[in-house]
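A.B. asks: To start, I am sharing the structure in question, which I have written as structure tokens.
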Amino acid sequence: MLRATLKGMASRKARLVLTSLAVVLGTMFVAAAMILTATMEKSVTGVIADAFTDVDAVVSSAEDPAAAQGNTPSATLIPGDVLETVRGVDGVESAEGDVSGQINAIGDDGKLVGAFAPTIGFNWNDQSTGLNEIRDGTSPQADDEVIVSTQFVKDAGLDIGDTVTAYSYTADRAEYEIVGVFGLSGDRDSIAGETQMGFTVTEAQRLLAQGEDAYMAIYVEGGDASTDDIAAAIGSDYRVQTGEEASEEAAQGFAAVADIMGYIFLGFGLVAVFVSVFLIINTFTIIVAQRQRELALLRAIGAARNQVVGSVLAEAAVIGVIASILGLGLGVLLGWGLSQLVSSTVMGGLAVQLQVPATALWALAVGIGVTVLSAFVPAIKASGVPPVAAMRDAVNPPKPLRGITIAGLAVTGVGGVLIALGLTDNLGDLGLGGFLSGVGIAFVGITLLTPILSRPLVALLGAVMSWSFAGRLGKLNAGRNPRRTAITASALMIAVALVTGIATLVSSFKETTTELTDSNLESDLIVMGQQGANIPTFMPETLAEIKALPDVAAVGDLYGEFFGAEIDAEPTMLYASEDLPTSLGIFSGTVADGSVENLPDDGLVVNESAAEDRGLALGDTVEVAFANDVTAQLQVTAILDDSQLTDGWWVSPAQIPNFTVPKPMQAYIQVDDGADVGAVQSEVEDILADEPEVSVTNNAQFVEQQTGQLDVLLASVQILLALAIIIAIIGVVNTLVLSVLERTRELGLLRAIGMTRGQARRMITVESVIICLFGAVLGIAVGIGLGWTVQQALEEEGLTSFALPWALIVTYLVAAVAVGLLAAIAPAARAAKLNVLNAIAYE
Amino acid sequence: MPLSTPHAPQRTPGLQQQHSRAAVTATGLWRAYGSGEAQVVALRDVSVAFASGQFTAIMGPSGSGKSTLMHCLAGLDTTDRGTVDIGGTVITGLGDKALTKLRRDKIGFIFQQFNLLPTLTAEENILLPASIASAKADPAWISQIIRTLDLQERLSHKPTELSGGQQQRVACARALATRPEVVFADEPTGNLDTRSSGEVLGFLRKSVDDFGQTIVMVTHDPSAAAYADRVVFLADGQIVRDLPNPTADDVIDTMRGFETRVPLAGEAA
């Protein structure tokens, strides 16, 4: 029996190739995702592990383990006398304090250096250089000298001898002379694209520790003091780790980036696998239908039912194994390529150490499992072929669609109910999970409904294409086997639905932003920066300069504290404005109770629902703990009506010095009636010439800027879903090729009685285009539904408008036609080239 | 049997013309398949003419070349040597496009099975050649055929809803719908019971008598051949006998004559 199966397979090579291709692509992406994750993790861990090889112990604040990175509130600093204590511990040979954190440097072009990766400032230390190797020049000896990383030289366009301006959130600008350049061990420029500047200890402390004699960490080198000895000496306020432990902790943070990318690829790999399920089911169903007589003959000469099932499953298993191994192999290549790409674009030329983890074998399991499982239903169907079918002409009357339709309605219903419950907050803690599984279940249900939907939709789409007789025949052929058409189109539907769903959300977000700007924002110009590695700010003096411009009527300003202020021990974001009444006016914010005029230093303004959430009323007092350890008792002096632009906690400008970043982040400029907005904009531009982080936009540009990143996201999703679309196209090609084979005699007849090759080609092409359009139309409809559902779910989070991405929808429809034309090329050529005589004699 | 250099064309003994004008004329047809040792000569120097308005049957044992002859005559197969003329057009050497157009406009086909498109109704199948040509069929003519074939009640049915005999009658109607120069029928009754066979053959006869249709039919059934005006016998790729106004008995006798030389295979090709 197995021999018969294998021989049969060998005689259908083209079909095998097409089916295998789907499995290969799916497994390839799954394997590549696993390999990317493991490889990046290994490569990054390898590098970071080097960082502390020579370090025997690392002391950090017990309060915040992540203190060594990013912006450091003073509460987590280690005072200088602790360093002295550590140095005094018996057996400690040397100990150095480390001050590091994010700073800003202005490059040769007047812009911030490294917009998307941070600039790290630290105290250069000849003893504990770790990864750093001086490539050129010397280390900084004076406070106005700096040594920079090779990545900095590349990004900033500045080199030894040049002067560079740097500042931090808390320290004003200062100029430094570049006296040296250092690189990282292994001839690298950076670990993850960051740029680095090494200062003297005092200068680093001025920039990053508000000028205090304090450190973020202490590195102990040499000697035989144990971590316990050191811990005992400095007390429980500090954490002491071995170099290894510290390395691991540091590596975890970086590896997380690689992990996220791995998950994204895995997600798209799984979508691809899911789409290939349709292709495999379809192919095996058609193969079984075509082999009906052969199978019946086997049954007639004594093969048992389970032998027939076994025969089909064996074929699937062989395809699954070969294709999965091939997919795994290609996946290793793809994973390696992606790792190279990620390391060179995101990780600053990190040396890639290829890892093929055991988890990559999951790709094999997925590939084989999916193939065999997908072939199961067709196999069972095959075993149902009665032996007598061998004796008569194989006529496959279309099966009634009642069963599948009822099942589809039931499943869609279950999904719909889950979605509805999730939307109305009736699922409690399971809300999001229930909602998402509802979406997934509804997806499956709609897929089951596609055969019944195909009838009216194919007729409708076909009507457009029936202007020629060949087109009419193509339309009839497309509607001939609703299940096959539906399964083929479903693959396309899933991919299109996902992109349309995301596109709908993006357009809804744009619409929401536009509406918000148009109806609530009273300003004409906005000063703000692009959110990159840091929160863009500008100098308070700049605000005053803008206010002084002749045509400016009013300026609203915004300061923010995002890093760790607490109200009654709960982390809370705080806002402040130099002139709250004016700012509220510009944001169309209204006062419900109390007054915002002459806000006292201990005043606090909050919107209604936030106050309600914490059980606060006008006149209540709360304790606000700022990140710099200052604690203040603030009194609620006004309550605002809820409004998206002004919701939150506002404190008096007197508290701004307590903010981690005591600089304005945004300014909203209202221009005098009748004044030229464009002229004011260029005046503001002049003022901002010295502000590297922010720029001025009008409202339309603002919306564009806010939503620009979403377009990038959408484009990435479209690129990644291209894989699923490729598999869907293969599915269409497969179905068409098999249909042409199945209808060989019919085509022969048509050609014999005078159908031209061109007409035969057109007939197949129309069938292809209809299948693709059907998939696209369904996908767009489902995608819009999906987008709407998610928008409804996010309405309370501020996604208040729903808008359709019309341009994209039209593009997808046009693309579907193009895909249909493309998929039809080979099958149509085959149909046209058909030898009429052979076709008529074809069994 | 290797193909030797073809002889100069010679007159086949049975070639005779009963009518003044020939609808289809074949002259010196050679057709071989394969090459070298495996070469099979299906037609060796066949010359034959089919008069307009006549019903001719082509008979012969399995492998005699009768199907090949019909395929070459109908422009479905190419010839190695010789010419075929249909209604004044030499079709040998024509390209696919011209041949397709010729089949569409000048030839009608009736096959043994799988004669209809399952997606179309009986009426749409009848109008198929006209539809393919984007031409308008002559409604009077079509309804006359439909009446003659007694298909009025079946026009809106799909092929799967028709009996084998009804399907073949629809195929006959389609073959005649464009008033072709000649109708080629390849074992048209091969799949039918006796009664349906009689209906189909009766119609073919009637279309010759009443409408002056030219019909060339390949068959292995002597009683089917008896409906024809003339039977041409093939054996070994050559015309060996030309029998005018045959009866079933004549045909059986003639075939028995071959059996002594070439054993008949159980089934016709």
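From the backbone N, Cα and C atoms, a Cβ is placed for every residue, glycine too.
So TrEMBL has the following annotated:
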DOMAIN    A:17-234  domain 'MacB-like periplasmic core'
DOMAIN    A:268-387  domain 'ABC3 transporter permease C-terminal'
DOMAIN    A:485-686  domain 'MacB-like periplasmic core'
DOMAIN    A:719-835  domain 'ABC3 transporter permease C-terminal'
TRANSMEM  A:260-287  transmembrane segment
TRANSMEM  A:308-327  transmembrane segment
TRANSMEM  A:359-380  transmembrane segment
TRANSMEM  A:400-423  transmembrane segment
TRANSMEM  A:486-509  transmembrane segment
TRANSMEM  A:719-741  transmembrane segment
TRANSMEM  A:762-790  transmembrane segment
TRANSMEM  A:802-825  transmembrane segment
A.B. asks: Count up the helix, strand and coil residues in the domain 'ABC3 transporter permease C-terminal' (A:268-387) according to DSSP, in that order.
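C.D. replies: Counting residues per DSSP class in the domain 'ABC3 transporter permease C-terminal' (A:268-387), I get 100 helix, 0 strand, 20 coil.
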A.B. asks: Below 8 Å between Cβ atoms, which of the listed ranges A:260-287, A:400-423, A:486-509 makes the most pairs with the transmembrane segment (A:762-790)?
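C.D. replies: Maximum Cβ contact count belongs to A:486-509.
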A.B. asks: Apart from its near flanks, which chain residues at least 6 from the ends of the transmembrane segment (A:400-423) lie with a Cβ under 8 angstroms of it?
C.D. replies: 431-432, 434-449, 451-452, 482-483, 789, 792-793
A.B. asks: Within the domain 'ABC3 transporter permease C-terminal' (A:719-835), what mean pLDDT does the predicted structure show?
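C.D. replies: Reported value for the domain 'ABC3 transporter permease C-terminal' (A:719-835) is a mean pLDDT of 87.
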